[in-house]
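According to TrEMBL:
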type	residues	note
TRANSMEM	12-33	transmembrane segment
TRANSMEM	39-62	transmembrane segment
TRANSMEM	74-100	transmembrane segment
TRANSMEM	112-133	transmembrane segment
TRANSMEM	145-162	transmembrane segment
TRANSMEM	174-200	transmembrane segment
TRANSMEM	212-234	transmembrane segment
TRANSMEM	246-264	transmembrane segment
Amino acid sequence: MSTKIGKSEFATIALFGFFLLFFSWWVFLNLFIPKGNPLFDYFADSYGVIAGVGGIACFSVAKSWGGPKSALGRALIAFSVGLFFQFLGQVSYGIYHYIFLVDNPYPSFGEIFHFGSIPIYIYAVWLLGRISGTGVLSKTKKGKLWSFGFPTLMMLGSYFLLLRGYEFDWSQPIAIFLDFGYPLGRAVYVSLAISAYFLVRGVLGGVMRNKVILVLLALVIQYTADTIFLYRTFTDTWYAGGFSDIVFVLAYFMMAISILSFNAKDVLKKLKLKDAPK
């Protein structure tokens with residue numbers, strides 16, 4: 001009896017393959033290849049394929065929930081677009097590097113996608129929070145503390161870690177906006193995600209609980225990767241194929257896998273099995 005593999009299952013297998021490939025490549029580079037070798041650049045410019053494949057595959061999962069017709073469908077679309085924007089941002093930098101022979105221009109066209117993913121993720125987390133019940137819970141005293149206090153602390157932490165002592169160059173207003181917008185904006189979506197988890201962990205149950213937690217974990221890993229990248233960039237210690245890049249590989253992989261786990265057929269099948277008479 002043959003079992004047909006669905007689109008989500010095929011995409012999941014492909015993503016696991018890509019993750020193992022890039023993880024093995026990164027380990028090999030950092031153990032055996034001297035820094036400055038072109039292989040480091042090839043690695044840094046290619047692992048975004050995980051975000052590209054994941055972003056495209058995840059649109060079918062959003063469609064299985066009615067797409068824009070449902071709140072969950074809209075949330076999954078937003079996460080998919082945010083993930084695909086990461087891929088487009090990396091492609092943009094690759095074009096500058098290999099076609100125009102310009103290394104890491106900043107600001108550049110790629111910022112449209114990299115920075116654009118931030119409000120998209122914030123919107124996605126907000127929708128996911130509403131679905132999970134944070135709208136009601138945030139009206140309580142404890143909920144208000146989590147909803148407003150924690151994001152404020154996260155933004156302050158990002159400021160003191162990355163922006164304290166920042167030297168303003170008013171001839172580059174876009175760069176100033178991005179320098180502040182990247183860490184503070186990402187602090188917003190990850191703090192909203194963590195707040196949502198602590199607000200709904202005792203309420204959200206069953207099949208959906210672990211899926212929501214997996215998405216929130218992916219956002220935390222994404223924030224960690226971004227923070228490491230920004231810190232090493234500001235301290236002039238970043239290099240292609242370094243530690244921040246492998247954390248990005250993990251972040252893209254986790255985000256794609258977490259969204260694919262929302263496949264409606266699988267969720268409904270598990271719900272039926274759970275509710276079936278013993």
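Glycine is treated like the rest: Cβ placed from N, Cα and C.
The structure displayed is predicted, hence computed values, not measured ones.
Mind mapping these onto the model and telling me what they sit next to?
Same-chain neighbours of the transmembrane segment (12-33): 5, 39-40, 43, 46-47, 49-50, 53-54, 57, 241, 245-246, 249-250, 253, 256-257, 260, counting only residues six or more beyond its ends whose CB sits under 8 Å from a CB of the stretch.
Here the transmembrane segment (74-100) has Cβ contacts under 8 Å with residues 41, 45, 47-49, 51-52, 54-56, 58-59, 61-62, 65, 67-68, 108-114, 116-117, 120-121, 123-124, 127-128, 131, 215, 252, 255-256, 259, 262 of the same chain, all six or more residues outside its ends.
Here the transmembrane segment (112-133) has long-range neighbours at 71-72, 74-76, 78-79, 81-83, 85-86, 88-89, 92, 178, 181-182, 185-186, 188-189, 192-193, 195-196, 199-200, 203-204, 212, 215-216, 219, 222, meaning same-chain residues at least 6 beyond its ends whose C-beta is under 8 angstroms from one of its own.
Sequence-distant contacts of the transmembrane segment (212-234), counting only residues of its own chain at least 6 positions beyond either end whose CB sits under 8 Å from a CB of the stretch, comprise 79, 121, 125, 128, 132, 158, 161-162, 182-183, 186-187, 189-190, 193-194, 196-197, 200, 204, 242-244, 247-248, 250-251, 254-255, 257-259, 261.
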